[in-house]
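Student: Structure provided below as structure tokens; questions to follow.
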Amino acid sequence: MSLNHSDLMFYCPVDDLPHPAASGVNDRTLDWASGQGIPTADRDAGRLRAMAPGLLAARIAPDARGPVLDAFADHHTWLFAFDDEYCDRADGSGITEWASFLARLHRVVETGESALLPGNPYGLALRDIACRLSTYTTPAQLAEWLEALRSYFAALVWERSRRRDDDRLQSLDDYLLLRLRNGAMHTSITLLDTVNGYVLPRELRETPGVRALVEMTALLVSVDNDILSHHKESTSGTREANLLDVLGRTGHTTPGEAVAQAVALRNEIMRQFVRVAERVRTPAAVPELYRFTTGLARWIRANLDFSLTTTRYTGPVTERAALSPHEVPPLSGQGPAPARSDVIGWWWRIPEPLPEPGSDGADTPVRKRRAGDRPPTAGRGGAPHHQRTGPPPPVLPGGITASRSSGLQQSTWRREHR
């Protein structure tokens, strides 16, 4: 595989912000997994321990603390173990049994009735996570997480049926549609406000700009994983859908060209993420919106940092990949054009300017601020701390915002010290 340095330059204008207690988070989640009996094979348990899954959760939420962070980390550890034991090794048969198992697994989490999957450690472990999360979420937040989990399982059924039929995803749009959901990203994104101690109002989460940012985050992380994990998957014989394979088949490219095109594709999506985020984070935006969009950006950077150092992904790409806070020039020549995609092209067609939340007179939780004001730190429920009565719940020690001096295009996302 012949690759130039520029072919492996990942555009990511987000600062690295490690968690000061990351090793403790990782130790606790590994102890939890061991106590739950996942993975079930000693060899897989050794691999899970070596990859240090808790470091990813700690990077995603570098200011989170306490039991809610542990529950968040355990959820990601569960996803890693479940993916390796149930998804990567599927032989493509038993689609009916697979769908039934996932339906029962979701019902165990939804109702707590473990008898639906008696003795299954993954069902019991996920039920444990759900019970702990319910302590920190509102009913709406928990329902949103359960719905994201249902969507993830539905995508896994489609993926298994594709394997059974030896369907190689004939188009890039087929791939994009599958990868928006089969990476379980939405199950994590729905918990970003919970783990950081605030509530993003549902009416803000459903605005076009925020919906687009959520989808971009989910796809960016999945695409980055495809690029960085391709060597592992190609040598282990997995039949997972991978962007490099799709580009190779649809564009008749060499492996090196497929990597270059994949990186160019993700860089274009990253550029659009920055553009939309800059439009969403207006002076009138509530602090919860600032924190949520920053959380999305942190997810993208955390995944890159984790993937480039974990034992889970090793190979020629991870050894040579680099991150750049500056825009990477688009790939010259032919390649995928995401803005023309029927699946994700709408990200480039969001009306501009975006309507201000609450501008139509609706009763929305928007507090107008003067341009240049810092977004106040908000507690659970969305109100600034100085408006709350009683002791506030643990929150970030400071707001996290983009640099307001030069805009997101020219600057990185960084903590705003007070």
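Cβ atoms here come from the backbone N, Cα and C positions, even for glycine.
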Student: Looking at 65-70, 83-88, 293-298, 335-340, which one does Swiss-Prot call motif 'DDXXXD motif'?
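Tutor: Matching range for motif 'DDXXXD motif': 83-88.
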Student: Show me the subset of F80, D83, G183, R312, Y313 whose Cα is within 10 Å of S229 (Mg(2+) 3 binding site); these are the recorded positions I mean.
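Tutor: Close recorded positions: R312, Y313.
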Student: Just checking: which of E159, R179, G183, N225, R312, Y313 have a Cα that is within 10 Å of the Cα of D83 (Mg(2+) 1 binding site), counting only these recorded positions?
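Tutor: The recorded positions close to D83 (Mg(2+) 1 binding site) (Cα within 10 Å), listed in sequence order, are G183.
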Student: I need the CA-to-CA distance for D84 (site 'Plays a critical role for substrate recognition') versus R312 (substrate binding site), whole Å please.
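Tutor: One finds 11 Å between the Cα atoms of these residues.
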Student: Given the recorded positions F80, D88, E159, G183, N225, which lie within 10 A of Y313 (substrate binding site) by CA-CA distance?
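Tutor: Matched recorded positions: N225, sequence order.
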Student: Can you figure out which of D88, R179, N225 (the binding-site residues) comes closest in space to F80 (site 'Plays a critical role in the stabilization of intermediate cation'), comparing Cα atoms?
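Tutor: That would be D88, the closest of D88, R179, N225 to F80 (site 'Plays a critical role in the stabilization of intermediate cation').
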Student: To the nearest Å, how far is the Cα of R179 (substrate binding site) from the Cα of D88 (Mg(2+) 1 binding site)?
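Tutor: So the alpha carbons of R179 (substrate binding site) and D88 (Mg(2+) 1 binding site) sit roughly 15 Å from each other.
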